């Protein structure tokens with residue numbers, strides 16, 4: 001009897017073990033299902049047609065293909081939105097072709113990818129019809145592809161990508177991520193951008209071939225499928241390598257110990273220490289907080305910055321003889337400018353009061369005070385390249401500015417406009433009108449572009465700036481001691497001397513040699529200088545030993561500081577026996593603060 005009970009107990013244990021083993025096998029089989037992920041970029045001006053009213057279009061694609069599709073929100077400064085398409089595949093096909101067979105997608109995710117591309121093309125053509133833009137026969141498609149899949153796509157000695165080009169007759173390029181390209185902002189650090197262009201059918205065939213290779217090759221990178229990971233942009237700020245440990249934790253990327261930025265060092269007091277948890281997505285762990293200098297990095301929306309945004313509208317005049325260069329064949333040029341800048345650009349072919357030989361280009365951009373780059377500035381600069389002749393040494397740009405806000409460009413007694421003239425060497429003339437005033441900027445290309453940046457940024461500051469706080473903000477006190485970080489926690493900077501003598505040297509009307517007639521604005525208009533930042537320029541002393549670090553190889557570091565901050569930076573010749581230099585910063589308060597902090601970060605790394 002005892003043996004029978006033991007035998008029954010053993011049988012019962014074996015049956016339970018078998019059941020658990022079956023569950024584990026079933027669970028492992030589910031986990032072994034391979035994930036196929038595609039990420040296609042959709043221009044922001046056509047994404048509405050891809051989603052459809054109440055999600056009708058995108059939901060229909062989900063229903064018909066059974067694939068998972070997520071449309072992520074637009075990142076600030078990005079001209080594209082990411083559409084992620086994925087599905088699970090139990091057994092992948094061993095043999096795949098490079099040409100699309102009708103109704104034979106390799107998986108439901110690839111089927112959905114092709115249908116999403118069709119929706120993008122249809123929405124783009126619908127927009128062109130509404131705006132009366134000539135139809136462009138060539139189409140373009142962009143995919144985000146990780147490094148591991150990109151290498152397989154290219155193949156040995158470019159064999160695979162050459163075969164795709166030859167069979168589909170489409171242009172297929174694998175482009176590395178460019179932080180200066182607005183369409184690459186949404187790409188991860190490990191991403192390349194695959195650009196496919198050509199005739200519609202050729203692009204679709206090439207898209208099938210590229211996605212077929214991605215179907216066969218599993219990525220080694222961990223591609224996030226949730227919006228929280230996707231919405232964290234990659235760091236686009238270039239900081240000195242000596243400071244990298246203070247910004248990033250030691251997780252294998254930066255292993256060197258930083259002996260400069262220890263507690264007790266002469267660090268300016270406004271460098272607020274933060275923990276890595278404030279930068280989620282940049283680090284693997286954030287258990288141990290490390291000092292992160294917040295003010296050395298530009299504040300971007302989403303990391304505690306202001307969420308308030310306003311719509312900016314700029315009117316640019318273009319001669320009728322050059323308007324086709326701006327639009328391009330089938331609207332290709334203006335479409336490219338829209339995508340590169342992220343702005344909405346419309347051409348109004350109605351004649352202006354300035355003359356019958358000009359038309360108005362309207363640039364509209366929704367921006368926040370915390371945006372790192374201005375979409376409006378990018379659009380105006382890109383338009384300048386096409387409005388003027390390519391080989392012209394001297395160019396001219398004309399803006400229509402509302403009479404209500406022109407004061408922020410002129411300044412009190414013309415102080416601001418004269419300073420822009422002085423700093424950029426551009427000829428700037430403002431003619432008065434009933435509603436809009438004509439701002440004409442002429443001179444060398446570099447001078448005109450610098451002047452346009454200053455004018456557009458001041459108009460932007462007038463719209464986005466906090467008028468209450470700006471009006472009550474006081475300029476920093478002037479000091480004759482310019483010692484920089486010499487045992488003190490305060491940065492040594494002074495107000496430049498030209499600010500005090502600006503009004504007396506600019507003439508009565510503030511326009512120098514420009515006459516103040518009925519059609520030219522003088523100093524008598526009701527312009528409020530209180531809406532401008534209190535300080536329009538700032539001087540920083542750069543020690544001689546830190547000059548090479550601030551400049552960088554070939555001036556690369558200084559150029560990055562200019563690009564990131566948006567401020568104008570001029571380095572004057574050495575005026576002291578120690579070989580120190582003066583950096584003159586000009587721009588809005590936020591731009592100067594950002595540039596100042598970046599310069600100081602490089603100085604501290606020496």
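Each Cβ is built from the backbone N, Cα and C atoms, and glycine gets one as well.
In Swiss-Prot, the region 'Disordered' annotation falls on 1-26 of the listed ranges 1-26, 27-52. Broken down with DSSP, the domain 'KH 1' (35-99) shows 18 helix, 23 strand, 24 coil. In summary, the domain 'KH 4' (394-455) does not lie against the domain 'KH 2' (138-210): fewer than three C-beta pairs, each 6 or more positions apart in sequence, are under 8 Å.
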